[in-house]
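Data first, discussion second: the structure below is written as structure tokens.
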Amino acid sequence: MWSSLNEWLWQDRFWLPPNSSWADLEDRDGRVYAHPQDMLAALPLALALVVVRFTFERLVGLPLSRWLGVRNRARRPVQPNATLEKHFLVEGQRLTEPEMVILATQCGLTLRQTQRWFRRRRNQDRPCLTKKFCEASWRFAFYLFSFFGGLSVLYHESWLWRPAMCWDNYPNQTLKPALYYWYLLELSFYISLLITLPFDVRRKDFKEQVVHHLVTITLITFSYSTNLLRIGSLVLLLHDSADYLLEACKMFNYAHQWRVCNSLFIVFSLVFFYTRLVLFPTQILYTTYYESIANSAPFFGYYLFNSLLVMLQLLHVFWSCLILRMICNFTKKGQMEKDIRSDMEESDSSEGEEAQEHPKLKNGAAQGPGVASTDGPRNRAAWQLANGHMLAT
């Protein structure tokens, strides 16, 4: 049954242009072609890259962060409280004010003390700057190596300068060893990113990252299996051209070296917009949609490949919107303060809380501890609870 299913799945008419067959892509007379089973080597290599990554972060990333002056923010310890801890883990980290009031009453705390406990507890689970820097340094090193390595592989190839050449004599295009090793390295890297994603710094675009990695892995595997190596290599090179700039920008942002960070952010934005919003649709999507079937009829693999590329382009648009938001903040404030995808650490007191707890007198002096606290039932929600009103949970 399995052999019948496998035979049906790999029918020539699904994956290859009309009048082409897998028999045409068998190695013979010194001509070597891409075969799907070649990509199985990416699985152990991905695990090896995970080991290399953690070794790199410890031996290179961590000392580099100290040399650049990356400092973790001091965090105040959380007072042990079984009730609040259980609610934090089971019910969620973000509570409404009425829920806060009920918990404060159960624990014998004021509302502001309960709010402060949850802020400190959330900060306790957030990754420190050093961890963020080490992750960015690893990705920077890989993307830099991958981009210039890929550029050296493709520099003398005709399809780098004329994408239409990707379809010259397709699918009867032989495999070059350098292109195979670069392809294998890229696939292994994205598999390793998917493996370590649950342990990495969680960002607001976590779901989009998962989709991006899955689409990329599928594209690499599919393009290799169907001998779409030429156009696939252009997609990889185009993406690597901006990724290492982004990671370098993050590194200097974490090190608070604003001038270098701002300059890199401008360069990255220009490269990203040009490669993802101009080159990708006008060169890559155009040639795969139109020029790829200039001499043949469409087939299933044609529709699947273009669908994956369109999904990738939609992600480009999504991230472009995030970058535009960062550019707006950059033009207003004169520097890039943060990555808007990051879950930022909260201050120990919420905005305006200190002013409420210690309001200043007209001469600028702060009120002393003898002034009545605003933490008690004067708070509107606490007042309702104290007067017997039932609060929705």
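Please read every residue number as a count from 1 along the shown chain.
Every residue, even glycine, has its Cβ placed from backbone N, Cα and C.
Annotated transmembrane segment per TrEMBL: 39-56, 140-160, 180-199, 260-280, 300-328, in sequence order. The domain 'Homeobox' annotation in TrEMBL covers 71-128. Sequence annotations record features per position, and here TrEMBL assigns domain 'TLC' to 131-332. Per TrEMBL, the feature region 'Disordered' maps to 341-378.
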Leading stretch by Cβ pairs under 8 Å, where the reference is the transmembrane segment (260-280) and the options are 39-56, 140-160, 300-328:
300-328
Excluding the flanking five residues on each side, which residues at least 6 beyond the ends of the transmembrane segment (180-199) place their CB within less than 8 Å of a CB in that stretch?
34, 38-39, 41-43, 45-50, 53, 142, 146, 149-150, 153, 206, 209-210, 213-214, 216-217, 220-221, 224, 229, 232-233, 236
So if I exclude everything within five residues of the ends of the transmembrane segment (39-56), which remaining residues of that chain have a CB under 8 angstroms from its CBs? That is, six or more out.
137-138, 141, 184-185, 187-189, 191-192, 195-196, 220-221, 224-225
Model confidence over the domain 'Homeobox' (71-128) (mean pLDDT, whole number):
74
